[in-house]
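Asker: As annotated in TrEMBL:
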REGION    70-106  region 'Disordered'
COMPBIAS  70-83  compositional bias 'Acidic residues'
DOMAIN    112-509  domain 'Amino acid transporter transmembrane'
TRANSMEM  143-164  transmembrane segment
TRANSMEM  205-227  transmembrane segment
TRANSMEM  263-283  transmembrane segment
TRANSMEM  303-320  transmembrane segment
TRANSMEM  340-359  transmembrane segment
TRANSMEM  430-447  transmembrane segment
TRANSMEM  453-475  transmembrane segment
TRANSMEM  487-509  transmembrane segment
């Protein structure tokens, strides 16, 4: 009897400790989850990029919260399992707890959003700062570039929908239930049972590459904008990139994005105003538009790079599972995807066309560099501020993914935990963060070519995450329920995406090599 009492007390103390630990994790995850929606209001919505890890925290936190029910004597009916046992499934097939503790519940930490709020997140993810490179894509693609803007919108909208379809399976009653929570879960399900973790590793690697490359692009565009804003200053673009990176070093000390997220909405609104100003200036010169410069032919050598630029401007798939899971009415997800991508297609096509018609063959990689010097400096300073305030989002997301994958993955982590017992960041963990900031600077200094880097990223990770993987996963997981036209679409998208990815990657690498040689001789 004494042994039984000691065993029960030990269980209670252990559960209490786990609950306290989980509550602290839930607060951090909850803050970042809420900021995720704010971060998405910033450029590219990259605060969502680590949503796979947050979903993992969510599931672990939910199970531990429910486990607290043992303290009140709550037990499962039938087989006597505890509430919150690991057999609990989100699809409702397993035993469900009678109640959840609101103190650490994720339902409280992650409030549901409306379809309009979800649409705002997606809109800002696919209509962010990198649309400034689209006129340059028209320069090398002509009318085919405009067609590609429309085609990419249709395909990315479709692959976003089929990616969400992979989260669901039909139960015995033929009702679709959500059995997966993230892009990583979908990838792991496709590779199971032989390689159950391989798919998740592939997605995480692609995600980290895209996040780090996005950080590099922010440094590159900051140096480019400052150099072209003050051409009379004896400061090179690389030197301006160093100055921008010096301002970004405090990012290494970030514990959350609360301080940065306050500026997200303001920066996004400022960016929309800048886009309107550029379009207004172009419309004021409508009589000078060079329609004859828009051709049906393409630059075979540079057009594949334009494909990567356009695809990269539509990347949003990585955070869609988390977004759909937090909608009040997930049934409205398809409608939301339709109107957001239609709006993005119209605005991107209009912006790219009128900007190219205004400057024709003189169109630069970043279109604001074509503006008259009287307004260029003001516009570019706004954009630099936005780029610097946007940098912490992908940086923090990349750090979170790296830390959870390499340092905090329980007993499976490759390296010891980079946090101390009190949650303080260890010195070598801080050193790794600083090294990541310095790495983005070195890449921006040695490869200061915005369009080429954007095309490379779009071809490498954008095409993979938006074209290849969703269509492949859909065929693998939903094969029995697919109609013939769905199979045709998926196979076609996979083939087209593969061709675009390979050609864009090869030509981007060739372009970077040529640019590097030119920089050396110059």
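The chain as shown is numbered from 1 upward.
Glycine residues also receive a Cβ, built from the backbone N, Cα and C atoms like all the rest.
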Asker: May I ask you to check whether the transmembrane segment (303-320) and the transmembrane segment (430-447) make contact, with contact taken as at least three Cβ pairs under 8 Å and only pairs 6 or more apart in sequence counted?
Answerer: no
Asker: Three or more CB pairs closer than 8 Å, sequence separation of 6 or more: does that hold for the transmembrane segment (487-509) against the transmembrane segment (143-164)?
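Answerer: By the criterion, they touch.
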Asker: Take the transmembrane segment (340-359) and find every residue of the same chain, 6 or more past its ends, with a Cβ under 8 Å from one of its Cβ atoms.
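Answerer: The answer is 119, 122-123, 126-127, 131, 134-135, 137-139, 145-146, 149-150, 153-154, 156-157, 275, 278-279, 281-283, 285, 288-291, 293-294, 313-314, 367, 370.
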